[in-house]
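One structure below.
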Amino acid sequence: MNAGSDPVVIISAARTAIGSFNGALSTVPVHNLGTTVIKEVLQRAKVAPEEVSEVIFGHVLTAGCGQNPTRQASVGAGIPYSVPAWSCQMICGSGLKAVCLAAQSIAMGDSTIVVAGGMENMSKAPHLAHLRSGVKMGEVPLADSILCDGLTDAFHNYHMGITAENVAKKWQVSREAQDKVAVVSQNRAEHAQKAGHFDKEIVPVHVSSRKGLTEVKIDEFPRHGSNLEAMSKLKPYFLTDGTGTVTPANASGMNDGAAAVVLMKKTEAESRMLKPLAQVVSWSQAGVEPSVMGVGPIPAIKQAVAKAGWSLEDVDVFEINEAFAAVSAAIAKELGLSPEKVNIDGGAIALGHPLGASGCRILVTLLHTLERVGGTRGVAALCIGGGMGIAMCVQRG
């Protein structure tokens, strides 16, 4: 996709705070998280619910969430029944793929205004058992839907953490190098939180409990005061034979949250006297060997940047999802990226990784970061379980 004479622009962008696993947002149904961000981005964009053409959300762990959770989120936000709403599933890339699909729909003339984003409540993901034909004797094992539908490679039947170990070995990323990436992520996120960098992008979620109504508006997952000495003491989690390097501290978390953006053509924004946050310049997706799925952003970023007519040096800010520190280090190494341009307010190792939401979450953070630092060009990218990568180029001004 190329911007053309009437590019697709992003008018507003917001996200919830990211909750820890079984934490502050764990009791909130996923569609309610979606509803919260949809309402917020419509209000910021000065768009009435009935003016929306379509709602597209990334969502991965749908089991037990009811029929079409995105439709539930859309209707909950006051968008009329006449407006279609649907989910897309591309594992970690779902939330960004939803934005790509929205831009595509607008560029083709099928839609005028689209709300796109992603949502996930990993805390509410159920355990599963297949009992259709009954059980004559013995126990029935329960499968964790987070693992079987979200975090286990379908081709090699091992955890995403093993794919990170494969990347660490192939790209020669040491345990110390991974821990350094993780500490930088935590320290940057701590600084960003204390400086209020996330305040503008976060919409509060009101959570009911026995104690009454609680307002959740601060990312819960970052560990302030993180340091290399403490991090180096953790044992490898996925490989315990003495060769492992990936630990809970240098990997992203399991989390809850939602994010959304409002898109329309530039001329539509002008007619409404709205100032875009950025225009969508290009996007790309790529496939890689599933055993090293974490390097998927390398070809995706190269292709998206080439489509935009940019060089990597032209990019002011990169938001690249930190599924694992090993992956982040390999991508930066392969592309020759300056650490000062990548995840400048911390990444998923510190903030968390709610699967279906992360793609749009990093885009929301990218847009607000570009605005805050006065940057012009940005790239959002994620690796994707199963061996893929997705990237989007956006430009302010």
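The chain as shown is numbered from 1 upward.
Each residue, glycine too, has its Cβ placed from N, Cα and C.
If you look up Swiss-Prot, you'll see Cys92 marked as active site, acyl-thioester intermediate, on the strength of similarity to another entry. The feature active site, proton donor/acceptor is assigned by Swiss-Prot to Cys383. Marked as CoA binding site by Swiss-Prot: Arg223, Ser226, Ser252. Per Swiss-Prot, the feature N-acetylmethionine maps to Met1. Taken from Swiss-Prot, the feature N6-acetyllysine applies to Lys200, Lys233, Lys235. Residues or ranges marked as site 'Increases nucleophilicity of active site Cys' by Swiss-Prot: His353.
Locations of recorded Swiss-Prot features on the structure.
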residue	record	Cβ neighbours (10 Å)
Cys92	active site, acyl-thioester intermediate	35
Lys200	N6-acetyllysine	11
Arg223	CoA binding site	15
Ser226	CoA binding site	21
Lys233	N6-acetyllysine	9
Lys235	N6-acetyllysine	8
Ser252	CoA binding site	29
His353	site 'Increases nucleophilicity of active site Cys'	27
Cys383	active site, proton donor/acceptor	33
Entries of Lys233, Lys235, Ser252, His353, Cys383 which, being recorded positions, have CA atoms within 10 angstroms of Cys92 (active site, acyl-thioester intermediate): His353, Cys383
Cα-to-Cα gap, His353 (site 'Increases nucleophilicity of active site Cys') vs Ser252 (CoA binding site), nearest whole Å: 6
In three-state DSSP terms, the structure that Cys92 (active site, acyl-thioester intermediate) belongs to: strand
Cα-nearest neighbour of Ser226 (CoA binding site) within the listed modified residues, Lys200, Lys233, Lys235: Lys233
Rounded Cα separation (Å) that holds between Lys233 (N6-acetyllysine) and Ser252 (CoA binding site): 18
Integer Å distance between the CA atoms belonging to Ser252 (CoA binding site) and Lys235 (N6-acetyllysine): 16
The residue listed as 'active site, proton donor/acceptor' - helix vs strand vs coil (DSSP): strand
Sorted by sequence, non-Arg223, Ser226, Ser252 residues with Cβ within 8 Å of centre, CoA: Ala182, Ser185, Gln186, Ala189, Phe221, Pro222, Ala249, Gly253, Ile349, Ala350
